[in-house]
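Peer 1: When I checked TrEMBL for this same protein, it listed these features:
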REGION    1-25  region 'Disordered'
TRANSMEM  35-53  transmembrane segment
REGION    71-107  region 'Disordered'
COMPBIAS  74-83  compositional bias 'Low complexity'
DOMAIN    124-234  domain 'DUF306'
DOMAIN    239-348  domain 'DUF306'
Amino acid sequence: MSKKNRNKNPDSYVRNNYDHSEDYSGRTGFNKGRLSFILFSSVMVLAVLMTAGCTGNSAGGASDITVTGGGNGTADNSGGTTDNSEDSADSGINSEITDGSDGSGKITESEYVTENVTAVSGDELSGTDWLLTSYMGVNGGMNEVPEGIDATLTFVNESILGGNSGCNSYSADYKAKDGVFKTGIIVFTAMYCTDATMEFENDYLELLQKGSSAVMSDGKLVISDEEGGVLLNFLPFKISGSSWELISMNDGKEAVLSLPENIGITLEFSDDKASGNAGCNNYFSSYSTDEYFGIEFSAIGSTRMYCEEAVMVYESAYLKNLESVSRYYFNGKSLIFRDDDGKTLMTFVKSGKS
């Protein structure tokens, strides 16, 4: 199946309060000016020491000097080169990740007991959706997600993540580079659910904020803390084997139709087949997905019963929309189908068969 156009517009389902267009040139200029002053002072001190016949090391090699001036600067007396990086202003994330456990900014496989570990970066995470399967409990052990609660993690692009934390939707900036993972300030909606759900949500968001590494391990996304302790385990959302009930759809005229209580439209997925009831008739189809959460329905067919006109109108609109679906998204509660332009075509909720 060909790759579908991915809708990476976070405004469609992620609330984000950061202004990414802000110019931080003034702040950067301050850092560079301060760095230049420190470097100049360091060079003068070195010059005096060298004139006096002093050396900075016993082996006669170059002596490295690390200089901090807002960003990360390194100078050495052999090349006099500097490497500066700017700071991210509002999200609380350094723009360059260099604090890896092996000194190179990379998470090494030896730190994990799991096999087939691969460090991941933002470009690999971008556009992927995940379901939380387990999380670290207060006793340090791993707890399964409580029944009836779904927590999701979507990497909207290489710098923004979002999802549903059990009750509320959330969003944050993030950085991921060679396995090192940092999350900025997490913002979320203000709905209230049961005490148990709110307690879980608080635990989940706190653990996500503490995460400092992200790796793939046997198909799972594993987020761990600075000591290598596993905080969160995710599995990619798989559509196969799920069952859904339609709650709303686009009528083809830019209007959203809520389904009347007396009309039930269902959708069930097996490995490569989809089927259900379109309101009056049973229907069936083949489908295929890709790694970017694209989906395509083909060879759609149905029985030929006739029901009252109102039911047939909904059935016709549903089957027509099914032909235009190109991408799916799961927010922890709803399955959403969109077209190539990112327009929402249909919204489903889990049925009792899931």
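A Cβ is built for glycine as well, from the same backbone N, Cα and C atoms used for every other residue.
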Peer 1: Reported in the order helix, strand, coil, what are the DSSP residue counts of the domain 'DUF306' (124-234)?
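Peer 2: Computed counts for the domain 'DUF306' (124-234) are 18 helix, 51 strand, 42 coil.
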Peer 1: DSSP says what for the domain 'DUF306' (239-348): how many helix, strand, coil residues?
Peer 2: 16 helix, 51 strand, 43 coil
